[in-house]
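Data block below; observations after.
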Amino acid sequence: ATYKVKLVTPDGPVEFDCPDDVYILDQAEEEGHELPYSCRAGSCSSCAGKVTAGTVDQSDGNFLDDDQMADGFVLTCVAYPQSDVTIETHKEEELTG
């Protein structure tokens, strides 16, 4: 399946289609959008965003705890879309602050 991903970035929103077996960060880059990242392995908070609508599968990540995920935080480098999804990007400071 392919879902619509909307990223709300500091430069404004961007939308693109993302297959459910491609990480959102990878697909965003494929579409020409630059997002923050560091490890690309779900082990840090550089790429953190916040899901405001829809659902993702980020079971490949290990940095976020259950409370953070319940609050909507997502690591875009290990997140697969599970529905049409809206994510606010550049949330590392909010997460770690």
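Cβ atoms are placed via backbone N, Cα and C, with glycine included.
Per Swiss-Prot, these features apply:
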type	residues	note
BINDING	Cys39, Cys44, Cys47, Cys77	[2Fe-2S] cluster binding site
DOMAIN	3-93	domain '2Fe-2S ferredoxin-type'
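Overlay of Swiss-Prot feature records on the structure.
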residue : record                        : Cβ contacts under 8 Å, 6 or more apart
Cys39   : [2Fe-2S] cluster binding site : Ser46, Cys77
Cys44   : [2Fe-2S] cluster binding site : Ser38, Phe63
Cys47   : [2Fe-2S] cluster binding site : Leu25, Leu35, Pro36, Tyr37, Ser38, Arg40, Leu75, Thr76, Cys77, Glu92
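Of all Cβ atoms in the protein chains displayed, 26 besides its own lie within 10 Å of the Cβ of Cys77 ([2Fe-2S] cluster binding site). Taken together, the residues of the domain '2Fe-2S ferredoxin-type' (3-93) have an average pLDDT of 98.
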